[in-house]
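J.: As listed in TrEMBL for this protein:
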type	residues	note
DISULFID	150-174	disulfide bond
TRANSMEM	12-36	transmembrane segment
TRANSMEM	56-78	transmembrane segment
TRANSMEM	85-108	transmembrane segment
TRANSMEM	227-252	transmembrane segment
């Protein structure tokens, strides 16, 4: 390998590692957000399966390793330290294997996760009260209001709530209320609302002024619309990682002996 090629390889590898350093910080922050978030769909997902919390800790771990890996790769590439480049190669290979493993596990457990999610949402709906004080009830209210959906499969899921169906007038979940596009809904409504000018003597869901589409359909529609983007991002990250592996091994092969005097002293 010529000196010019070595220099180009070094600085390309430095650039890749700078990107990995930033990516690691983003991944770590995402993991912390999953654990800290209490007012969105993520909060409901956490109650459906402990695997999401485990996933959050995995994100934090992978993010921290990616930051360290980016640092080692930058130092190793610029200063031509074979030991650091070797560590970088091992870390990057482990992350690539972990990503493939997580993807395979998610693919084969998608139906199980969907079923667990449905069971959790139905449990929230059945035990929902007019006060709606628990964190998961508030989270589900937020989801229904922001996504403009009602129930899991459809708004009829709410007929399984005994307290709601016990009302003699037209009463419905407030967060399911159909809001006009021009209305700016800054505050999420909670609990149960009574329909205006309700004169009937029973609570018939057909009379509810709510969004009729279930949240499951909305979630599936979002995934289908953005599947190409998600797949493209994953493929792009994988290609960059493979390039990083290739460049690091090429630079390692060029460096025949260690010169630790090149390593910065702190």
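Each residue, glycine too, has its Cβ placed from N, Cα and C.
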J.: Count the other Cβ atoms sitting within 10 Å of the Cβ of residue 150 (disulfide bond), across every protein chain shown.
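T.: Its Cβ has 28 other Cβ atoms within 10 Å.
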J.: For a quick check of packing: other C-beta atoms within 10 Å of the C-beta of residue 174 (disulfide bond), how many?
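T.: Its Cβ shell of radius 10 Å holds 19 other Cβ atoms.
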J.: Near the transmembrane segment (12-36), which same-chain residues lie under 8 Å Cβ to Cβ, leaving out any that are not at least 6 residues past its ends?
T.: 42, 46, 52-53, 55-71, 73-74, 77-78, 88, 92, 237, 240, 243-244, 247-248, 251
